[in-house]
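One structure, pasted below without further comment.
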Amino acid sequence: MRAPGVKSVERDWKVRRLTTHTPQFLGLPTGVWPTGGGFDRAGENIVIGFVDSGIYPQHPSFASYNSDPYGPVPKYRGKCEVDPDTKRSFCNGKIIGAHHFAKAAIAAGVFNPSIDFASPMDGDGHGSHTAAIAAGNNGIPVKMHGHEFGKASGMAPRARIAVYKALYRLFGGFVADVVAAIDQAVYDGVDILSLSVGPNSPPATTRTTYLNPFDATLLSAVKAGVFVAQAAGNGGPFPKTLVSYSPWIASVAAAIDDRRYKNHLMLGNGKILAGIGLSPSTHPNRTYTLVAANDALLDSSVVKYSPSDCQKPEVLNKNLVQGNILLCGYSFNFVVGTASIKKVSETAKSLGAIGFVLAVENVSPGTKFDPVPVGVPGILITDVSKSLDLIDYYNISTSRDWTGRVKSFKGIGSIGDGLMPILHKSAPLVALFSARGPNIKDFSFQDADLLKPDILAPGSLIWAAWSPNGTDEPDYVGEGFAMISGTSMAAPHIAGIAALIKQKHPHWSPAAIKSALMTTSTTLDRAGRPLQAQQYSETQAMKLVSATPFDYGSGHVDPRAALDPGLIFDVGYQDYLGFLCTTPGIDAREIRNYTNCACNYTIGHPSNFNSPSITVSHLVRSQTVTRTVTNVAEQETYVITTRMAPAIAIEANPPAMTLKPGASRRFSVTLTVRSVTGAYSFGEVLMKGNRGHKVRIPVVAMGYQR
């Protein structure tokens with residue numbers, strides 16, 4: 001198995017400089033935290049468990065000395081391990097539990113305590129990052145290379161953190177260790193589980209996706225009242241790439257929010273080349289000579305070190321580079337991680353260069369370029385045609401003798417300021433890497449009658465805490481913060497927001513919290529247009545296409561609305577069993593094996609499972625599904641409307657209903673094939689209340705026969 005590692009990182013800002021902007025992007029400081037008593041009470045006494053790579057407990061994002069004292073949480077009975085080196089506890093009130101699980105790793109002979117740490121210490125960075133996104137302290141300055149990028153905050157800054165380390169930087173992790181960690185977290189009494197991990201191959205023991213070891217263990221977690229947020233996976237943009245399958249889990253897809261970083265290189269011929277680089281600018285009124293690494297070799301024997309990568313300052317001539325801009329080539333070594341942009345900036349600095357340019361001359365399809373913070377002016381030119389413009393200009397303006405040695409460097413340029421982000425209205429977008437549906441019910445990839453992913457949350461270029469001994473990202477080695485991407489970053493956003501909902505509604509079931517998140521989500525971007533998704537074009541370049549529920553589930557999370565959803569689609573353990581028992585192809589003995597329950601309860605068809613979405617993967621002629629809603633607000637009358645793509649007719653019954661507080665009512669939705677298209681059709685059921693609540697669920701169906 002693997003941690004769906006992060007793939008990249010970014011965020012959005014309003015008035016200040018760039019912050020870990022997702023709290024603002026999601027409206028938490030103005031719309032959500034005040035309702036719970038302010039940021040210093042947001043998530044009070046809610047415990048979020050993280051099954052990940054551990055935590056760096058000394059990080060300011062997890063400090064408890066600047067806040068009101070944290071009292072005990074009676075319902076939580078987790079233990080705290082002691083650091084074997086310093087003999088200090090990993091807990092401080094903010095961090096309330098800390099365990100590590102490595103029995104399976106040790107048995108397999110891959111555990112190395114000097115790198116992996118036989119403690120909850122984070123040797124990777126990933127675990128500290130995810131914990132800080134969900135529950136990091138509010139207002140922590142993000143400082144790197146002398147620049148403050150803004151202030152970081154978790155979604156629920158007052159929530160407690162319980163650490164269950166089961167992932168390790170060299171070998172990932174073992175299913176047995178992860179399952180042990182989940183079981184321990186549930187036994188200890190966490191309220192929320194955040195999982196940025198999933199199966200990376202079908203298990204040998206079951207063909208059913210819902211009964212793989214993760215999902216089966218998580219079913220018992222949900223039975224115990226724990227809400228589970230899991231990363232959907234990073235296998236996008238291809239269909240059926242999800243690693244999170246079951247109805248009891250909230251499977252989270254990753255969005256790009258409204259902050260982008262851009263920079264530019266000005267050449268002496270007047271051309272301005274766009275690129276990326278989180279760097280300061282060169283001196284505003286000056287230009288500098290351009291010197292290519294290949295023209296600054298100390299001697300020809302160093303060619304074997306691929307000197308154009310600029311990874312080794314000792315092979316370059318300081319006299320030629322000093323005071324100039326160093327030109328380097330972005331080779332395959334950067335893609336595989338043996339070269340890093342961080343190292344280029346260190347090379348430039350040690351040679352006394354004013355700055356550096358990294359030019360991408362050929363690109364393998366699907367390579368993702370993320371801005372990396374550097375302390376010297378620097379830029380990555382990602383567009384191959386722009387890189388050729390730069391190389392042409394350099395070659396024309398650099399005179400050489402007959403052997404090819406440079407007589408004079410005459411190319412000049414300057415680098416712009418890349419530290420200020422630009423806000424885009426076309427946000428959120430579904431990130432290219434975010435895993436896509438349709439969901440599968442077995443490892444033969446048969447389509448499931450259940451929609452996945454469930455919800456979309458920010459997961460691209462996210463600033464958060466990092467472990468200084470973390471090695472997961474070569475560009476952030478030794479740093480206290482990192483800006484990275486992945487559905488791994490999206491899941492803790494949902495875990496933290498779920499903590500805020502649980503704080504306001506302590507008796508809600510995990511299904512009620514998930515329903516509130518889903519039915520209040522949005523399918524429009526900030527400009528009011530339907531959400532778009534990043535996708536590959538035929539030439540493997542990136543393009544934007546209209547997004548569907550297979551990209552975003554019910555839509556992008558709206559925390560303020562989720563606190564007051566009006567109606568919820570609630571389910572309990574019996575309903576999950578009914579879903580399993582009704583899914584064709586699952587052996588009843590297998591279900592008994594995992595749940596100790598017999599299949600004496602049927603829901604007629606898996607599409608009748610009371611989820612806040614409707615999926616019929618194989619619609620023959622006509623099918624009616626039922627749903628039950630429960631009113632969690634004042635008495636309200638709801639009018640039900642439906643929309644569906646023309647290939648399938650949709651009708652809801654009754655057209656309206658009035659619910660008293662706490663009352664439940666059933667309604668039915670009938671889908672009828674109008675034309676067989678060989679593709680999925682998408683639609684929605686919208687319930688509008690006369691007190692202003694809006695409850696929306698996506699509908700997905702493929703028609704096979706009229």
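Cβ coordinates are placed from backbone N, Cα and C, and glycine is handled just like the others.
Not my notes, these are from TrEMBL:
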- Asp52: active site, charge relay system (ACT_SITE)
- His126: active site, charge relay system (ACT_SITE)
- Ser488: active site, charge relay system (ACT_SITE)
- 43-527: domain 'Peptidase S8/S53' (DOMAIN)
- 287-382: domain 'PA' (DOMAIN)
- 605-700: domain 'C5a peptidase/Subtilisin-like protease SBT2-like Fn3-like' (DOMAIN)
To the nearest whole angstrom, what is the C-alpha distance linking Ser488 (active site, charge relay system) and His126 (active site, charge relay system)?
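Ser488 (active site, charge relay system) to His126 (active site, charge relay system), Cα-Cα distance: 8 Å.
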Distance check, please: Cα of His126 (active site, charge relay system) against Cα of Asp52 (active site, charge relay system), rounded to an integer number of angstrom.
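Rounded to the nearest whole number, the Cα-Cα distance is 7 Å.
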Tell me, how many other CB atoms lie within 10 A of the CB of Ser488 (active site, charge relay system), whichever protein chain they belong to?
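Around Ser488 (active site, charge relay system), other Cβ atoms within 10 Å: 29.
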